[in-house]
Each structure stands twice: as structure tokens, then as C-alpha cells.
Amino acid sequence: MATKLARLATWLVLVGCLLWRAGAVQLSPPNSRTNDLASGTPHVARGDTEAQSGTGDDSDFPQAVVEEVADMSGGRVPRVPASSTTTSASEGIFRRLVRRLRRGRGTADGAGVADETHQGPRPPLRKRLAQHFRRLRGFFGRLTPRWLSGLGRRAQRWWRGRQRPLLDPSFHGLEAGDSFMRDLLKREEELIGYCREEALKEPAAMVEAVTATVWPQNAETTVDSLLSQGERKLKLVEPLRVGDRSVVFLVRDVERLEDFALKVFTMGAENSRSELERLHEATFAAARLLGESPEEARDRRRLLLPSDAVAVQSQPPFAQLSPGQDDYAVANYLLLMPAASVDLELLFSTLDFVYVFRGDEGILALHILTAQLIRLAANLQSKGLVHGHFTPDNLFIMPDGRLMLGDVSALWKVGTRGPASSVPVTYAPREFLNASTATFTHALNAWQLGLSIYRVWCLFLPFGLVTPGIKGSWKRPSLRVPGTDSLAFGSCTPLPDFVKTLIGRFLNFDRRRRLLPLEAMETPEFLQLQNEISSSLSTGQPTAAPSVA
């Protein structure tokens, strides 16, 4: 504690000395005897002094009268008047030291006295303070902690944010781009269904075990709401996809005649009862963080919040369902949410199988996906939230064409520290690979946004990172492993320059210089992207693909 107080006192003394030095001025009135002595001509008025010195300016530095003595060669050599000695003697030691320091800053090789006679008007106090502050910052720059060195930049960014009008990245109902995506994907519904079936072949044993546990003899299952919404009778329609710890099914509420996606969790070391209870709290805490209902969050923020959490009737919630199988134990905790048509990961796998986004319509679809991804991330930033899984397998295109972000349990309040392992390793920037914990900032979502947009145009990840499910992807497991850091677009669908610029700024390895989603919406590149989409949709003529040089 004493050390900290001593450091604080030292800083205060240094700053006080600099401020006193910068503000040191003559306190006597202009026509006083003190000024007469300073000019070297006692009892002479200011005007007479100017006449003798040959100057007529109103400088705050009175010009000294210089005597001349004969040189051996016949010339004249200027000499400082004798009265200056008297003046120096009459001043205090510290005052003379300050004056000499002030004179010596702009001189070199002993030219201080000669240069002072030619000084112009004294700079204003504000400029002198700024100059001294720059000197102080340069002197103590290496001793300043990193968090303090960036304080000015953060304050400047905060002030700019207060000065400019706040952007509203929220969505307003169904937009023209959504209808275009709906019609485009509807034409490829059969192909997407085929690719979904292929993706479910490998985990078929897990899907069958979970299905038999939740729907014995393929009968309807009665579930009770954990949110006081009553009971439901759910009938299985088909499996949709498999995650690391869950299986998602398409089900029908036989009484309300509504279709939902039902997320069923498997139990294990990572899905213990306490972990599922924490997951339940985190999932429905997202609505409280947003201050919006699940319906409003889906409509305005495009966040896919669950409609309900349910448990199989007559069995304890969060416990293991019985009868079940030891290899694939199922938790009695199920999430109901609106069903999506396709997630971006499955869409990329489909495009890798048969690239259907060809021609002008395909290019327009890529433009729309790019703009919607940026707005999705900007919505999170506007609410002060960070999503740890802003990844293609967690981004869904709904039946009406809207792009939504799922798994709201991965939402963090900005500035919160959490486990770095909660971020998928191939989508983690370097600041999340150097320690066991990391601070969740908007820079994380900016990085993941850049990777997702890159995959929209290129299907695979950049920097040689491995991309499961994509033919010909690279093998680098993460940025922790040495490899290329250059951003290449040679194997991608031809990109417009403004999209390349946005991707490059999102994928800046320096997180302090990384372009954030809200800032991206103010860039000329994003405005050009929006204009391309609007003009193509309004005229009915899709935007042309960029030419390849």
C-alpha cells in the first residue's frame, strides 16, 4: 500500500511541476519596473524600448537592447547588455532554472541567447500544455502499463460514440432479402434434404438410441412445461441434425397442431444434472439481458430463443430418462423452439456437394447473407452482448428466409471473463488461445463474423484452418499451431472489393484495430453492399458477379 501511495505522490509532483512550469508568466503589469528591468532599459517606457530595439511587435518577450563592440577585423560583434546580469541576480535560482529550460528547448549548440532575441509571440497556454504532455508521455511511455496506454484511445472511441447518432441495427419484420432467400432455398429443398440424410448416417446409432428413449414404440410423448405453460403431446416427425451433446428433432404438438424443433440433450461428464440446470438458467437469462420477450428477440434481434422448456411427464426434470441405454443416456430436459429450414453449416456442405448459388441470383444471395450476418452481430453489440458461438452451425435460415442466431446459452455480457475453451477452437482468435480464461469483448464476435462471411464466399476457413465436412479443406487445427496468417481469396467465388475490405478488417489479428459490427455499418463498404442489394431487388435484376481479371 505504501508503495502505491509513493508512486501516486511521485506522479502528482511531476504533473504539478509541469503545470507550474507551463503556466509560469510575469505577474507584474506591463509598464512596471520589473518589465523595465527585463528589457534592459530602466525607467524607459515600452514604446521607447521598441524604438531602440528596432521592433514594433507586441510580444510577451521584451526584446533586449544589444550593445556592440568593435572586432579586430573592423566589424561589430553583438554583446549581451550588462543589465542582464543584474536581472539574473535579482531572480531566484528556481526561476532562472525554469527560464533556462524554457529557452533551451528550441536551441542547440549554445544558441539560446541569440535565438531568444528573435522569438515571436508566446504560444497560448493550451498549446504549451499539450507540448509538455507529449514530452511527458514519450518519457514515461515505456513505464506505463498496457491498460493505461490505451485509455486515451478508448476514451476517444467512447466520445465519438456519444457525438454520433446511435445506429439502429434491429430488424423490422420480414424484409425483401428474406423473401428472396426463402424462394431460392425452396427450389433446392430436395437437395438440402438429401444432404441432411447423408449427414445423419454417421451418427445413426446415437439418433436411434435417443429416439427410442424419448418415443418408446414410436408413440406420442406427454411432456410438462418447466415454464408453467401446461402439458403438451409431442409426436416425432424426423431427426434434423446432431450436435456435440444433443440431437434436434422435428416434432408436432398434436393438440395445438404446431411444428417445433425439439432439442434433446445426452448426459455425460459435460452434461451432468448440475450443468443442465445451469444451462437452463443461462438460456432463459438471455431474455432478461435483452429486456425483450422471446417473440420480440426473434423478430427484432433475430435471436432464436426457445419457446418453452419441457420434461417427460412422471419423471424428475434434469435426471436421466429411463428406460434408456448406457451408451447414450438421455437427460429429461428438452427445449422447444421454432424449426429452421437449414443451418449454414449444412448449407455449405450442400454447396460443396453441388454449388447451386451460381449466376447472378447466387451472387445476390451471398450479398444478402453477408449483410444479414453483419446486422446480426451489430444487434448483439448494441445490446452489450457477446456470443461465444457465432459460427455457421449455430446460424439458421428459417422457413420464411430470415437468418437467425441460436444457442442463446452462449451469450455473455461484454467485459465478462469466462473459460476460453467455451469458444470453438477453429473460430477462436489468438487472444483466446493464450490462457485458460479470456475477456469476452465485441472483438471476439467481429473475428467470428469475419470467418463466417469468408465461408459464405469460400466455403472453407481461411489461414489454412481445418473445415470439417468440406472437401479439400486445410488441416491446421487452430491459430496456436504455426501456419500462414495471410488472407487469400484465390479459391473463392469472385468477391467484390468492398466485401474483401470488410472481411480483412474483421480479421485483423490486433483486436484493438479490429472492425466492430456497429462501426462496419457506417463504412462506405457496407453502404455499397446495401445499395447493391436494394437496387437488385427493386429492379428484379440480380447483381452481376464481379469480373475476374
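Heads up, the Cβ atoms here are built off N, Cα and C, so glycines get one too.
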### Query
Of the candidates Asp224, Asp299, Asp393, which does Swiss-Prot annotate as part of the ATP site that also includes Arg241, Asp244, Arg245, Ser246, Lys263, Met337, Pro338, Ala340, Asp343?
Asp393
#### Entry: Nonlocal neighbours by CB distance (under 8 Å) for Cys458 (disulfide bond), same chain, sequence gap 6 or more
Phe489, Ser491, Cys492, Thr493
### Query
For the recorded positions listed here, Ala340, Cys492, which shows the highest count of neighbouring CB atoms within 10 A?
Ala340
### Query
If you measure every Cα to Cα distance among Arg241, Asp244, Arg245, Ser246, Lys263, Met337, Pro338, Ala340, Asp343, Asp393, the residues said to bind ATP, what is the biggest one in Å?
20
### Summary
Integer Å value for the Cα distance linking Met337 (ADP binding site) with Asp343 (ATP binding site) is 14
### Message
Same chain only, sequence gap of 6 or more: which residues have a CB within under 8 Å of the CB of Asp393 (ADP binding site)?
### Response
Gly243, Asp343, Leu344, Glu345
### Query
Quick one, of the binding-site residues Arg241, Arg245, Lys263, which Cβ has the fewest other Cβ within 10 Å?
Arg245
### Query
Tell me which residues of the chain lie with their Cβ under 8 angstroms from that of Ser246 (ADP binding site), as long as they are six or more apart in sequence?
Lys263, Val264, Phe265, Thr266
